[in-house]
Structures are given as C-alpha cells and as structure tokens.
Amino acid sequence: MEHTGAEGAGIVFKYFPEMDAGKRQAIEGLWASYSDWNSKINVISRKDIDYLYLHHVLHSLAIAAFLREKYPDFYARALEPGGTDVTMLDFGTGGGFPGIPLAILLPGVNFTLCDSVGKKIKVAQAVADAAGLKNVVTANVRGEELKGRYDFVISRAVTSLDTFLRWIKGKYTKGIIYLKGGDMVEELTNAAKMNRLLMSNISAIPIDKWFSEEYFSEKRVIFICK
C-alpha cells in the first residue's frame, strides 16, 4: 500500500524538501518509536498506525505548510535552532501531534505539548527524547489549567472550535492554528459569535492546497489571528 509503514516517510520529504539529513533521520525514526509505543499504549488506532506518515505526520505538518506560505521569513528562521523566540502550545497533543513533527522541522520554535492523559504524555515525551528534540517540553495537565501565555496555540481537532476557544482564552498572543475537517461554515460562524470574534480574523484554508492526496480533500487549517 502506498505511503504506509516505515516507507511512508517519503511523502513527508516530497512536500518538505528543505529538511536536512538530521531532520529526515528524525522523521524516519518516528515509525520505530510510535510502532513500539503503540504496541504497549494505544495512542494511534491499530488500523491507522500503518498510515502514520500520511494521517498523522504530514497532517501535522499542514501547519508548517501554512506558515511557509503566510510567514516565509519567519519560517526560514524557524528552520534553524535558535532562529526565533516564538513559542507554541500544542493543546491536547495526545501522543505528540501536531507538536512533534513540527518540532522536528522547526527547531527554532519552542513547543509545549500538554495533555491531561498521563500515558499519552509519557509517549509524547519518549518520542521527543528518541528524536533528540531540545525544543520540546511536555506537561501532564489539562490545557485550561496550564499557566502562562504562548505566541500561538496549535491543536488537531480536540473538540468543537467554540469549546476550544473557550478553553484557550487568554493563552495566546498572536493566534490559533487549528486542524479540523468537514464543513466548517456553521462551526466557524457559531464560534465567532460565541467568542466575539470578527469573521475577518478567521481563515479556513483547505489542506489540499498544499497536499494532493485524497485524504486531505475535506481537511483544513483554521487560522485565527489576534
């Protein structure tokens, strides 16, 4: 099957040729890490683990594709360690998505990965350690209870957008980047109304703008700027 198993990493390199050898090695290493941990702790459904790179790693990196297009100067600096002082909170990271793939690609950004489920954070920390990531810290806490503010909050469809916005109120200074699927018109309108946001500050970008695979046909990057 195409894009499956350890060989699936190639699809990531197809869309991110700027990855150097070290980053490619870290991306390739995710297969061994997640396969091993998933046999002990089910952080990815058993039937979905074969599609690790397409469904989880590349999907996470849709955020990077968005940043590469919208903020090219920042993106170029973020590719290098110490290149920026930007912070991102991965709210409800589960086993490390979207935070870990992004941290591999963008060592110039500091990521905090939080989740209330201890076993999931255990996996995220172990995978980050195996990848040698110095720009990741993890927190076993409900995101709403996490102290501090971050430049961006990122997440992958942990709940409805309206609920998510209430959970992260006051936790970001620049914006929210949220991965979500399906028809977003009603959800975006409701979220804007309930959270007093201007629709002009909300963008929903189809992921298939960057990635041509059928899997992404109804998935979007939601960007809400401060």
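Even glycines carry a Cβ here, placed using N, Cα and C.
Annotations in TrEMBL come from automatic prediction, not curation.
Classification of E144 (S-adenosyl-L-methionine binding site) by DSSP places it within a helix. Per TrEMBL, the feature S-adenosyl-L-methionine binding site maps to G92, F97, G143, E144, R156.
The most crowded of the binding-site residues listed here (F97, G143, E144, R156) is F97, judged by how many other CB atoms sit within 10 Å of its own CB.
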